């Protein structure tokens, strides 16, 4: 039997860090495996489930053979993601036979059991108690008088030097192509004190980079009734004082985002914004039920760069949205030329069960979507290549992710794990370790990656 499935990199249009877990097992100790699919928000859910189970005396298995049962935390955002989640469930059933399904696809239990009737239980997203109940029913915890005397150490599914920090759950937007509010509910922000306490513990444990995630990071705290109009601002400021790199993901383009830029210019928060613009033509954005002000967005981008010249802008876009004409797509290409975004992801539109966009007229043919995706990525690649070439000869700070006999794989402040590029050190890397932060001189640039040497 093999190791459990690694997260497919194409499962979701966002981060998909690889699952690596290992835990020593006592003789007779009940053991659970975990396959965690999809985005970092789901990964955090997996970490919480495993932390609770380990506190109850369960061991965590890195492979199917060593597990008494396997939890599959699924993704259900796109039809292609559902298909890959079903494939992962099928693999777990073949390799282990005792499978508990949770996560976004679990919100459709009939869909799951229709494909895999032998699963032990199906629970929805962030239903931690139901998952634990299902585990208890399948693999009862072994009596251990010492477990309750030991503090529960959090299980992390990322390398030790960076960690995802989920600050809220749910979303209040009604984008026609998205069903996240249906699956995960309306915005529910975690108390600032709880977020900061978790962040402090992570930094104390050696985390050098905090990746702030949610469905809508810039809306954090707007579900509260309090004197602070935009609570993400004081939260970001306090996180920045912990001494770790702080990277903001999934920032919806509200006007108050401009107030985060001074924190980046001061060095409290990394000069990096991950903002899903989705498109640039106003009519397409209206059909998406997104803000339709692409020209004003260009003005905002110019202001961000004026106030923080080192800022890196990442965004994602959808091509082939229902009704998208060639002229509307060309507007997107022209906008990309003007915006000169540093990091770009692009996805061909897919129908999602339950999404209102499915009912829109004039769906784009698959071959046209592919052709537009190719053209978009060709332009985005050229922009990336030119921007990276301009960094040759500069000295920049990097964090080390991996070191082997061939060299060190690092990231700059402009690069998030898994979705952005890397900086490679081929010489002078002896003595480096994951989590080290050092200065390098950039010697070579490619389309998405850099090469350099320590200085």
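Including glycine, each Cβ sits where the backbone N, Cα and C put it.
Among the features that Swiss-Prot reports, [4Fe-4S] cluster 1 binding site is placed at 39, 75, 104. Annotation comment: Swiss-Prot describes 171, 175, 178 as [4Fe-4S] cluster 2 binding site, evidence class sequence analysis. According to Swiss-Prot, the feature domain 'MTTase N-terminal' maps to 30-140. For 157-386, the entry in Swiss-Prot reads domain 'Radical SAM core', with the evidence type sequence analysis. Positions annotated as domain 'TRAM' by Swiss-Prot, on the basis of sequence analysis: 389-455.
Of the listed binding-site residues, namely 104, 171, 175, the sparsest CB environment within 10 A is found at 175.
Here the domain 'TRAM' (389-455) is broken down by DSSP into helix, strand and coil counts: 1 helix, 33 strand, 33 coil. Averaged over the domain 'TRAM' (389-455), the predicted model has a pLDDT of 96. For the binding-site residues 75, 178, the greatest number of Cβ atoms within 10 Å around a candidate Cβ is found at 75.
Recorded residues residue 175 ([4Fe-4S] cluster 2 binding site) and residue 75 ([4Fe-4S] cluster 1 binding site) have their alpha carbons 18 Å apart, per Cα-Cα distance.
Using a 10 Å radius centred on the Cβ of residue 39 ([4Fe-4S] cluster 1 binding site) and all shown protein chains, the other Cβ atoms total 26.
Across the domain 'MTTase N-terminal' (30-140), DSSP helix (H, G, I), strand (E, B) and coil residues number 55 helix, 23 strand, 33 coil.
Apart from 171, 175, 178, the [4Fe-4S] cluster 2 site neighbourhood in this chain, defined by C-beta within 8 angstroms of the site C-beta centre, holds 173, 174, 177, 179, 180, 181, 215. For the pair formed by residue 178 ([4Fe-4S] cluster 2 binding site) and residue 75 ([4Fe-4S] cluster 1 binding site), distance between Cα atoms is given as 13 Å, rounded to the nearest Å.
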